[in-house]
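Feature annotations, courtesy of TrEMBL:
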- Glu72: active site, proton donor (ACT_SITE)
- Glu155: active site, nucleophile (ACT_SITE)
- 11-243: domain 'Glycoside hydrolase 35 catalytic' (DOMAIN)
- 372-411: domain 'Beta-galactosidase 1-like first all-beta' (DOMAIN)
- 472-534: domain 'Beta-galactosidase galactose-binding' (DOMAIN)
Amino acid sequence: MISFWGHMSLAEWDLGGFPAWLLSIHPDVRLRSSDPAYLQKVEGWWGVLLPKVAPLLYGNGGPIIMVQIENEFGSYGNDKAYLSHLVKLARGHLGEDIILYTTDGGSRETLEKGTIQGDGVFAAVDFTTGDNPWPIFKLQKQFNSPGKSPPLSSEFYTGWLTHWSEKMARTDADFTAAALEKIMLQNGSVAFEFQMAHGGTNFGFYNGANTGADESDYKPDLTSYDYDAPITESGDVDNAKFKGIILLWLAEYTWIRRIIDPLHIVEAESPTAMEYLNQMFGFVLYVSEYAAKTGGSKLVIPKVHDRAQVFISCSPEVNGGQVSYVGTIERWSNQAINLPNVKCVSSTSLLILLSESILACGIVKLASTVAYQVENMGRVNYGPYIFDRKGILSSVYVDGSVLKRWKMISIPFHNLNEVPKFNPVIQVTSKFHKVSAGKKLEHKSGMSQEHKKHAGSNGQLALPHAVGVEGPSFYTGHFSIDTKTEVTDTYISLRGWGKGIAFVNEFNIGRYWPTSGPQCNLYIPAPILRQGENVLVIFELESSNPELMVDSVDEPDFTCGPGQASVHQNEDGKASASLLTSNPLGLRTF
């Protein structure tokens, strides 16, 4: 076994697997560097982890033959003092006999930056599937001791990752098998490991992201990490890639609480990053006020991580405190928003809901209330921009003037096993306007009780929705699985929905965004389900369709995207959010 656990795992995970609280430390900690503050954290972590690993080393009778100390560091930095410190730390806990190694892309530049020559650390390589491996393995030898450089591709890519708004990444099975064969046909002297052998799922808020030329060229990963791997996200092996790769070459191997805690409000002159609020995931609502003027105003937020939904509201005396959506600001296409002319008695509340994992932020009433819901869509996990805090990271300007006096309200998703009886944006706005809490959700169904009893034979679940809310809403539904044998892996189709997150039996199964695509369905492993009643809760950020449906289906679907999502009518006249064949699970509506 090759152990790849380092303090940074990459793996398209949020912040590359680093705990997000590292971004809350002041002064800033320089990740993956010889910064003493950072090394102190690494020493603390390895001081706990490595003593647990030591008994599992091959020399101690365990399965681990190699341990990686850094992953693709040459694509990130050039700090030999940092790498040498990791070697010393690992040797101190694991001894001198274990093989330590690094992995870097197969170019001279990345190997020069990411390897530790002379320290007895093996240099492995990775490269694009289909590249000629032999010039890369020849280069690899230059960074290892003479006679001690067996060719090792530590990441043989069986597929590739996919970002939202892209077509699902697919690699031809025959092409991938041929590339693997080219590596293997050298007298069996080449070692490799699959990336990925088995696809996975970025449950909860743990998906990562990538960047392009600069940090504004932001590309969040899908909830699905199927990766077009030989063993799919749901464990299926009936596909050409499995037969062409796994069975052909490796047949001999064995494969190995509540939605809002009492409102925690932080007040500051300027917006505060999510991590400084000691909240790593969930939502934060930023609230401030501005003076509305005739002809409207212009809103500019220079640095948003990652996606901000903007709302405005007057005091309840004017229009009952109705919250109105005015636009979205996205990190990858940051543009100003025109705030409409709002006739408020005093000031206008501005509410902004931001996203990374998902972050909400808002601004409250002066003359008008404006609210920002900011979503954290996944911290960067690769490249030079991994120090990726979330939220509003700059001043906020209305007509060129800086907005001051902010309130940040944490909305973590701790225990979402039932739909909240309020909408957080409405509740927060009402709180600042000193009126009663938000509106309750409407449980809406046109079925008789007898019809409900037998509903769901087609695998469809109708979800009641929040009323009187423009923008984010909670939906909930209950479905029943009659027998233990029916508790199996499944998917839910969210085709026709907008963007949001879904929970099954308190477990966050991840984000959905079919309007962006390509992912339409979310995977639900059998262990999350149970015989009897199950609970589905959806936090929908965009769609206001009161008749949305959810279907259980038996396969993934990566055909969604702009212009692809649609809502159709069922025989009973209700709209359905799925056009796929359903997988009967005995789902019951309210």
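The backbone N, Cα and C atoms fix where each Cβ goes, glycine too.
Values in this document were obtained by computation on a predicted structure and should not be read as measured data.
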Distant-in-sequence Cβ neighbours of Glu155 (active site, nucleophile), under 8 Å, six or more positions away: Thr103, Asp126, Glu193, Gln195
Chain-internal residues near the residue listed as 'active site, proton donor', provided their CB is under 8 angstroms and they sit 6+ positions away: Leu10, Thr103, Asp104, Gly105, Thr110, Gly114, Asp126, Tyr382
Summary of DSSP states over the domain 'Beta-galactosidase galactose-binding' (472-534), given as helix, strand and coil counts: 6 helix, 31 strand, 26 coil
The domain 'Beta-galactosidase 1-like first all-beta' (372-411), counted residue by residue under DSSP: helix, strand, coil: 0 helix, 18 strand, 22 coil
